[in-house]
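Peer 1: Take a look at the following structure, please.
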């Protein structure tokens, strides 16, 4: 079947368009993340303001005289800072400073991060262009859009961004946006340079219904494990900041990041799902090998490294359930697993000869 050159060209143009939008989103996310460095000093002044307000309230209770604070007081400083974060207008009067009020203020501050909201909107737009590039590539050859390394990377990176957007609906993980948008940008850059392959029909070995089963699950696994690995990196860096007690320098940007325990929980849950789907990937690959070559396992380089990835992630899940492993050590295993996954894709596909040499390069 002939290739629709027009649609293939449109696919490439959509890739360039998505890259441009991802680049802007990356800059906005970075600006929001580094803006978190100012939160530490604001937090200290806010705490000082609350302490002064409580002390004044206690003093007034003893003498029976209400105390009003002036605009030059520490409470006024707190009011102005809250105004800057939430967009409200402070009165200069002493508030309760209770947990509910603080939580409400923090919630408003998180919700009104204009730069992050703009970056997220652009990421959604870029994801739409990204998915359109995948679909037009598929339509140009009237087949699945994962027949070589370029198409695999194109589809997997699109799915990784979609995973980020879906998780973002349930939890505020905009602090990951810098790495998600940046990772998508780099991957698309590789797709149109190092991994680029002109649109063409599938090689005979891939013309099987199993390509509709085995490869999509592998792509989903790659997307899930990518997001989990990024979370693991943030977990380690956030834990180091927490151990120091006071964030200094670049460490202040992690004020945007939740507690390391919360980040670890989310990373683990996503990795657990990714491990299940990768397990299915290995099993489906063995079944396809039996159908295509008459044996389920032949110690091919791709088969070996796919199993290595499975073993590393199995060790990660086991270590997390085993006493004696710190959260940081477990996170390192997660990153090692993802590194082996990238090695399996970028190195084994290109430099190792075998029956799975379908990179198209």
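Quick reminder: no glycine exception, Cβ is built from N, Cα and C everywhere.
Note that TrEMBL annotation is computational and uncurated.
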Peer 1: Out of 209-234, 235-260, which range is noted as transmembrane segment by TrEMBL?
Peer 2: 209-234
Peer 1: Among 10-43, 44-77, 78-111, find the range that TrEMBL records as region 'Disordered'.
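Peer 2: That would be 78-111, the stretch labelled region 'Disordered' in TrEMBL.
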Peer 1: Restricting to the same chain and to residues at least six past its boundaries, which positions have a Cβ under 8 Å from a Cβ of the transmembrane segment (304-319)?
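Peer 2: Residues packing against the transmembrane segment (304-319) from afar: 225, 271-272, 274-275, 278-279, 281-282, 285, 325, 329-330, 333-334, 336-337, 340-341, 343-344, 348.
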Peer 1: Taking contact to mean 3 or more CB pairs closer than 8 A (sequence separation of 6 or more), are the transmembrane segment (209-234) and the transmembrane segment (13-35) in contact?
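Peer 2: By the criterion, they do not touch.
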Peer 1: Mean pLDDT across the domain 'Cytochrome c assembly protein' (147-356), rounded to an integer, is what?
Peer 2: 92
